[in-house]
Amino acid sequence: MPEARQILVTSALPYANGSIHLGHMLEYIQTDIWVRFQKQRGNQCVYVCADDAHGSAIMLRAEKEGITPEQLIAYVQAEHSADFADFLVDFDNYHSTHAEENRALSEAIYLRLRDAGHIATRSVTQYFDPEKGMFLADRFIKGTCPKCGAEDQYGDNCEKCGATYEPTELKDPRSAISGATPVLKDSKHFFFKLPDFEAMLKEWTRSGTLQEAVANKIAEWLDGGLQEWDISRDAPYFGFEIPDEPGKYFYVWLDAPIGYMASFKNLCARRPELDFDAFWCKDSKAELYHFIGKDIVNFHTLFWPAMLEGAGFRKPTAVNVHGYLTVNGQKMSKSRGTFIKARTYLDHLNPEYLRYYYASKLSRGVDDLDLNLEDFVQKVNSDLVGKVVNIASRCAGFIHKGNAGLMVDANPEPELWEAFQVAAPAIAEAYEGRDFGRAMREIMALADRANAWIADKAPWALNKQEGKQTEVQEICAFGINLFRQLVIFLKPVLPNLATAAEAFLNVAPLTWQDHTLRLANHPLNPFTPLMTRIEPAKIDAMIEASKEDLAAQNSEAAAPQGNGELVKEPLAPEIDFNAFAAVDLRIALIEKAEFVEGADKLLRLTLDIGDAKRNVFSGIKSAYPEPSELEGRLTLYVANLAPRKMKFGLSEGMVLAAGPGGSEIFLLSPDAGAKPGQRVH
């Protein structure tokens, strides 16, 4: 048996200023599954995390609520911890960045960087709120857009026209905190000399530490030249003061990743077998993995490894990046009830339903994952209840009634047993590579074979025949052993189901190696239902509970009000029904969206319309600067528009969007349940 690996695993630190939602849970469930698999295999795997508990946003929210920042982060940490525990995310330690371990490590790393010449200082001119006595980040400044004249826009970009600009370009600026007119003021800032580590980062990011798509994105930043990173903020600020610099604080993103180290150090104080230096020293042989979302890639793949290198610590073995979560093909929405908090989900549904669904769709890539609620119900009910649990419920009763609960020693189908054994390494390989979707497909294929074999043998029919009792017991004992195999393979995903199954099977906690064994002449405990079906009414109740209170907006909307859109673009001349009916509108799935070289406004869309593929060039680039966000989304497509030859290729139709143009282009999407190829009537 190979020597046990030493592994330290982290997930990104949730910000201590709000509740956990299902988008967050994607990452923690993904990480927890991988960690549970490692532990089930016998490896020493430690999983740590913490609340990210510093920054102006926390300071200002606490002030607004009339409490201290310390009280706020304590309340939020308790809420986060309860949500994670109830979703069966089993951290070895869940800490806070506002802790003495983190203060000491942040100061030590900063001082090492400073003493090695990797810290620079210079004066920075910023807006200052004279009433609050604080410098203002861009998001705390509002005013009139210098490009289009739209009012109430943020200090760095306009949500109306999409323009970006410097805060000093904003017209009529005001503090979003106090409403005061800000003044320009100089302040000394501290910068981490990231360019000092450019050569190291170019090598490290191409050494197998990142997925290829992530490494390619990082290469774009590296090729564009690295800039020094501002790591300081001025008082008042909730965080750690910079050593020897009164009134200057570490920017939250400096001490946040150090929180991984601090949480582990806090755990080491309670677990003597863990040696902090053995995991974090420069020549450590232990493995270190960070699981993160694609929105924080630059911090974890540029700033963080450079800080570690400069301070004399080891760098991560790998940074595993996942995509965003959509619900029913769209961004989560409070008005649609699809912005679902973890606690709201838990109030209505079993956490293992979501753990399995996420696992079934997760791959090792960075693609976004869609939580399609209709598919969610179907997959859980079919796979977990209809396939896995069904095996035990089919067989257990015959063993209890016919043999007092004692499983006989039986292997009536050696070929099927061998198929389960042969599949184990492939399933393990998929878990190891974070290709959980492939692992679930392999497991469900085995469940299908087990159910088909039991259905073919039909013990319920044999049980009615004279002299067939021995055969019935052999079939059902073998069926229970196949069920046990599936439980072993699913245990990282479904720990509660595994615990309940272990109680029914009357066995110790199952390890991965147990898949090689069969229970023989073994007593079972009484069988009770291990999992129930999802009722669609529970999904509906969860959605309703997630919806914002829109009563005020609805009452406002009830009064007839014009918005000027018909003035901007008057109604077209009337047409008859036949003219409209000649247009063939179809539902299309956007399989791929990409930039078109040499085109300022176009995106190339590859559409799935059910039984065919279509290529469309669409002038929506200004509204969708990240084309990949469109992939997996349903839209409306004019299917019988004559193909148009363009210099970039052939455009086979048109997708539908609303809006005047520029950043105000809104691609149309059908309601949930629509399928590619369906005609719009």
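Glycine residues also receive a Cβ, built from the backbone N, Cα and C atoms like all the rest.
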Motif ''KMSKS' region' range according to Swiss-Prot, out of 166-170, 331-335, 361-365
331-335
Expected hit for motif ''HIGH' region' in Swiss-Prot across 14-24, 113-123, 124-134, 564-574 is 14-24
Would you count the other CB atoms within 10 A of the CB of Cys145 (Zn(2+) binding site), including those on all shown protein chains?
22
Not counting Cys145, Cys148, Cys158, Cys161, residues with a CB within 8 A of the CB centroid of the Zn(2+) site are Pro146, Lys147, Gly149, Ala150, Gln153, Glu159, Lys160, Gly162, Ala163
Among all chains shown, work out which of the binding-site residues Cys148, Cys158, Cys161 has the most CB atoms within 10 A of its CB.
Cys158
Same-chain residues near the motif ''HIGH' region' (14-24), Cβ under 8 Å, at least 6 residues beyond its ends:
51-53, 55, 57-58, 61, 72-73, 76-77, 79-80, 83-84, 96, 324-325, 327, 332, 339-343, 345, 354, 371
Mean pLDDT across the motif ''HIGH' region' (14-24), rounded to an integer, is what?
97
Determine how many residues of the motif ''HIGH' region' (14-24) DSSP places in helix, in strand and in coil.
3 helix, 2 strand, 6 coil
